[in-house]
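S.K.: Attaching a single structure in C-alpha cells format; questions to follow.
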Amino acid sequence: MEHITLNPATSARGDIKLPGSKSISNRVLLLAALSAKGETTRVRDVLDSDDIRVMLAALNTLGVSVTQVAEHDYDVIGTGGDFPNKDADLFMGNAGTAIRPLTAVLALQNGTYHLHGVPRMHERPIGDLIDALRQIGAQVEYKGNDGFPPFVLSPAVLPDGDLSLSIKGNVSSQFLTAVLMAAPLLKRTLTIHVVDELISKPYIEITLNLMARFGVNVTRNGWSSFTIEAGAAYTSPKEIYVEGDASSASYFLALGALGGGPLRVTGVGLSSIQGDVRFANALQMMGANVMMGENWIEVRGIHHEDDPDETQLKGIELDCNHIPDAAMTLAAAALFAKGSTKLTNIASWRVKETDRLSAMATELRKVGATVEEGADYIVVTPPTKDAWQHAAIDTYDDHRMAMCFSLVALSKVGVTINDPKCVGKTFPTYFEVLQSLLK
Ligand SMILES: O=C(O)C1=C[C@@H](OP(=O)(O)O)[C@@H](O)[C@H](O)C1
Ligand SMILES: C=C(OP(=O)(O)O)C(=O)O
C-alpha cells in the first residue's frame, strides 16, 4: 500500500493560501448553471479536487456550458433551470455536495437520470431526501438498497397548486440544502417543514447566503420552515469568488497551535460564510492564541512554562454539531492536550466517508491514546509521555482521516499515513503544503 512517513517535527509555522471551499464551489457551480438562460457567471477560485470534478463532469454531461478560463476560474452559462440533456448516467464519486443537490434538481428536469457512485456512496443514506421529493411528485426507483444510491429519477408528476413537504434534518443537512436549491425550479410556492432536529445548521446558512447572491431570497421561520415563492428565479451575479475552505484551514490552525506558530491561513476569516471558521474558537478554548482578520486567521501555541519546546493545550468538552468536519481535527489535536477532550453530538460522523467515530477511535488508540467511543460522542485521553507509538494510520478512503493524523508529525515519534492520496477528495496537494510548514 502507498504510504507517507512524516518524521518528527518540532515546529509548524508559515503562511499559506487556502484552496477554495468545497461546499461553496459545488453550490456556486450548480447555481450558476441554474441561472437565467444565456447568462454567464465567472466563478473564481474554484477548488480543484475530486468532489468538484464530479460536479463539473455532471454539469458537462447534462449539457451545461462550463469553460475553464484560468487555473481556478470557470465560465458557466445559465440554463434557466432546464438542462439540455434529458437522459444521462451520472457518476457521483463520494461527493455528498454533488449527489444531494443534483438529485433534487434532476428530479424536476423532466428527464431520466441514473445516479451512482463509489461503493461507499452506496452506503451513505439519501432516503430522507427522496422521501421529501416524493411528496411533491418526484419519481424515484432505487436500483440497490432502498434509501441509498444508486437510483433512477424519471419525470416528476407535480400536484396542483402551492406545494409543501416535510423533510427530516437529523441525518444530514445536505437534504434540506438540496430541496432549497431546487425549489425555484418548481415555479410554485413551496413550503419546507423540517422535522426532527436539524444537524449541521451552518451549512444551511451557506446555502441561503449563496441562493441570495443568485437572487433568490428564502422566507424562514427559524430552523423549522422555509418558503420559496412562486416567482423566485436564479439570476447570475456575473462574477463570484469562492472563499478558501474553512474545514481545510482547521489542519493548519491546529498545526500552528501545536507547533508554536505563527501559522497564518489566508482565504477565510471574520467575513467568512462557512461555519467551520468557528473551529478557531474551539482552539482558543484549548488555549491557543488566535487572531482573525476579514480574510485570514493566525494561530500561535502557548508554550509550556517548564519546557519552551512543548505547547500546552488543555482538553475541552464541546458540542460539535455545528462543525462536524472540523471537529475531527479537534479529536486529533486532543492527543497533545493536557487532560481528556470530549466531543459530543457528532452521530453524523458514522454516515460520512467512513464510520468516522469508529475509525477515529481505532487509529487514535494506535498512537497510544485511550479512547471512549459512544453512539454520538468520543472522549480522547492523550498518551502519557512514554506511551506514544509510531503508528501506520489507516485512512479508510477518508481525506479527513489522513489530514487529521498528519498532526501527529508534531509528536516525538512521527507518523505514517497509509493511502495518503485519499486527500484528493478535497485537497490533493495537502501533504506538499504540510511539508512546507513543518520544521
Ligand atoms: O452542505 C455541505 O456542504 C456539507 C454539509 C455537512 O454534511 P452534513 O449536513 O451531512 O453533516 C458536511 O459534513 C459536508 O462536508 C459538507
Ligand atoms: C462529509 C464530507 O463530505 P461530503 O460532502 O461528501 O458529505 C466531508 O468532506 O467531510
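Even glycines carry a Cβ here, placed using N, Cα and C.
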S.K.: Taking Ser11, Ser154, Ser200, Ser340 as the options, which does TrEMBL list with Lys22, Ser23, Arg27, Ser172, Ser173, Gln174, Asp325, Lys352 at the 3-phosphoshikimate site?
M.R.: Ser200
S.K.: Filtering Arg124, Ser173, Ser200, Arg356 (binding-site residues) by proximity to ligand 2: which pass a Cβ cutoff of under 6 Å to any of its atoms?
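M.R.: Near the molecule: none at all.
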S.K.: Could you check which of the recorded positions Ser173, Ser200, Asp325 is the closest Cα neighbour of Arg356 (phosphoenolpyruvate binding site)?
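M.R.: Comparing Cα positions, the candidate nearest Arg356 (phosphoenolpyruvate binding site) turns out to be Asp325.
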S.K.: Which of the binding-site residues Lys22, Arg27, Arg356, Lys425 have a Cβ less than 6 Å from any atom of ligand 1?
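M.R.: Among Lys22, Arg27, Arg356, Lys425, near ligand 1: none.
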S.K.: Expressed to the nearest Å, what is the distance separating Gly96 (phosphoenolpyruvate binding site) and Arg27 (3-phosphoshikimate binding site) at their Cα atoms?
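M.R.: Their Cα atoms are separated by 11 Å.
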S.K.: Within 10 Å of Lys425 (phosphoenolpyruvate binding site) by C-alpha distance: pick out those among the recorded positions Lys22, Arg27, Ser173, Ser200, Asp325, Lys352, and say none if nothing qualifies.
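M.R.: Near Lys425 (phosphoenolpyruvate binding site) by Cα: Lys22.
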S.K.: Out of Lys22, Arg27, Lys352, Arg356, Arg400, which of the binding-site residues is least crowded by other Cβ atoms within 10 Å?
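M.R.: Looking at the binding-site residues Lys22, Arg27, Lys352, Arg356, Arg400, the Cβ with the fewest others within 10 Å is that of Lys352.
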